């Protein structure tokens, strides 16, 4: 580790938070209907869209209607994408004549992108046509991000309103997420990436003569537009199999910094948006400070262990130096380490290095971040997970002092706790049970690229990534088999929608309650003292749940290294 590397990581995170602060206020004003500068341009466009789809923007929905609209729209979009993948061989914009995607793989891919996971059991440049990349992949990267954002807005309305069943209008939230946030920022990011060397073309693969005198086919396509929403929407699915390690997706250190800031911008801003909704900017500062500190700690741990290198090489061969296996030298260790931490903290899943090549305890950092699933988290759903653990922390704190738990003036009763507990427990359930099944099946074990503890970590990482809707992988695992295509697809769906359903039900319950006046005995949630309790709760829950599996994986592997 070097001082310049440590400082570089800190400055990138600081710049990210500085950009997220004003964006959080803008998101709040947009979704509560206050006047904002883009109104003059966007309001007529949005009205035209509402007329086209037959929606009255003035009519709000209760939590059941909101959820119904969300689930139906997501089902239709997933079926559309599945059809595109299955029919791409006969559809236009396929200059490489790529055949149709097999049914199991098409199911996995559709489930992956509708859930904002972007797990890829295929190589994008070899398995998808340009049309599939644009109207299948890129389309879902926008709509899945907008869906998560809409769910977060509905939950914040439930916390901030009283004596009502209205949580907003899903269609209005979905449209605004596109017109006011995702499309404008993605366009700016795409132009910046273009200027820095990321290609954007509908021309077919380029065939070139190499210096060695042979012919080489170089894949290309509409990369910049996909890359922008891939990061901004915390999607992570790459145009190329190498993802953001590919020079066409991430040519240099400047694009690497842009992509890190792109993936973290809106999730960080949503913490400040929550502060505006709940009239508690101090709470937003407390949460952002603590979660940011955990993000930095994770990045520094990765940096430290990768900089220390592999002790086996040092002891056996006398080779000292950092572990550069699976890394791009154009980024260096500091940006690589921050990317590893950020892509799992924000549940993006893009990679600029091969996580399978990380040192064991370095690889445990992204695993832990996905197991916690709330170090900022993904677009919208990450905020839901933060607020879910906030409710659980308030409940535990209330029990310790003998008071009825309440949060933001609303009593937390049995219904809310049952739903929050269900949302909390589904995450480890859909990680640990499929992992155990996979390790019990010889056909599933045959997909492991490595034996022993590292092979187990590959399987654990795959299901953790799917459950957290992250999408990154220990790429030594061959996931393109019927078992993994189906099981990982189902885990992604359960990991995404069960928690959303539970949290919207909580929002509907809290919205109907009257706000209780604050007294001297009211638990203050906007203090660092409570913030430490909040952090302790999710760390203890994570440690108790996942430690045995981590001991069989990265911890055991580190002990083997000596």
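Any Cβ shown, glycine's included, is placed from N, Cα and C.
The transmembrane segment annotation in Swiss-Prot covers 5-25, 65-85, 135-155, 181-201, 257-277, 283-303, 331-351, 358-378, 381-401, 422-442, 486-506, 528-548.
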Run the contact check on the transmembrane segment (528-548) against the transmembrane segment (358-378): 3 or more C-beta pairs under 8 Å, excluding pairs closer than 6 in sequence. yes
Maximum Cβ pairs under 8 Å to the transmembrane segment (283-303) - stretch from the list 5-25, 181-201, 422-442: 5-25
Intrachain neighbours beyond the transmembrane segment (486-506), with Cβ under 8 angstroms and 6 or more residues off its ends: 63, 66-67, 70-71, 104, 107-108, 111-112, 115-117, 119, 121, 148, 151, 154-155, 158, 167, 381, 384-385, 387-388, 391, 416, 419-420, 422-423, 426-427, 430-431, 434, 437-438, 462-463, 466-469, 479
For the transmembrane segment (381-401), what are the same-chain contacts with Cβ under 8 Å, counting residues 6+ beyond its ends? 116, 148, 151-152, 155-156, 159, 234, 267, 270-271, 273-274, 287, 291, 346-347, 373-374, 407, 412, 416-417, 420-421, 423-424, 469, 496, 499-500, 502-503, 506, 523, 525, 530, 533-534, 537-538
By Cβ distance under 8 Å, which residues at least 6 away from the ends of the transmembrane segment (422-442) in the same chain are close to it? 371, 373, 388-389, 392, 456, 459-460, 463-464, 466-468, 483-484, 487-488, 491, 494-495, 498-499, 502-503, 541, 545-546, 549
